[in-house]
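Per TrEMBL, the features are:
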type	residues	note
DOMAIN	129-195	domain 'Beta-ketoacyl-[acyl-carrier-protein] synthase III N-terminal'
DOMAIN	254-343	domain 'Beta-ketoacyl-[acyl-carrier-protein] synthase III C-terminal'
């Protein structure tokens, strides 16, 4: 496809982002916890300097991925003013669920998110499946998949559910283990109708305006799982290539829609690391104060980061309905992309 043409041009009805929700388990875990771990040379000052994280959350044994996802989903449906019976499709995503080693629900050793969420929600009429291969970019990819399903299947309401609980697969012998946290987030996408253009020239009810998706399998081994079911991440490689990838995707989606950085109200990125995100914002021409970050108090929550940050800033009144947002995210593969969207 041409870089000047949106994949959504003539591609069915627009969709509306009508509700968002989030959930974080337990009490915040401070950086001092890591300073007390034997063999891990990382104190509060080091963690803040190298990641920007002050606290994060971890799930206890009574809450797994599905249980957290259901709580976020209920909040998103309430935000959208919808009932569970309105849900036609559920798309789940997670970077950290593993069969048996880190299963998605209590009483079952498998790793899927959408099926146990459907069961616990009682959304009997919704079909569901998971998008897992893209890891931290899960929300971006799942939203695009949801949009396609709304355009092609007759479904009217899609629920995207992201859930992460990394503690069981972290190797606490590595400093980067201090970066990650648990939580869940959800978003409700609904099929709508375009009702003309706004001041930015884009349809005012087009919730997901445009998206750019990228992948490079040459970085396939940047993430791995070792023989002890612990996550292995080549952080040095990622820090070198991530900024360029996200900046290019963001610039492409803006240019394709005739948008300037000044027309973007907020940028909501994958909550990776402030040392990566701040320079990225500078290169995109978006002031750092217009970045929606919950990384400092939630940690890097993988696929949950982008939608949970949006949800938190919607709830405190920072994000207003109809404002134009730029989302950028990157995950395993490497798979990455950017999208222009509105919260309605």
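The count begins at 1 with the first shown residue.
Cβ coordinates are placed from backbone N, Cα and C, and glycine is handled just like the others.
Computed from a predicted structure; not experimentally measured.
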How does the model score the domain 'Beta-ketoacyl-[acyl-carrier-protein] synthase III N-terminal' (129-195) in terms of mean pLDDT? 92
Kindly report the helix/strand/coil residue split of the domain 'Beta-ketoacyl-[acyl-carrier-protein] synthase III N-terminal' (129-195) according to DSSP, in that order. 26 helix, 20 strand, 21 coil
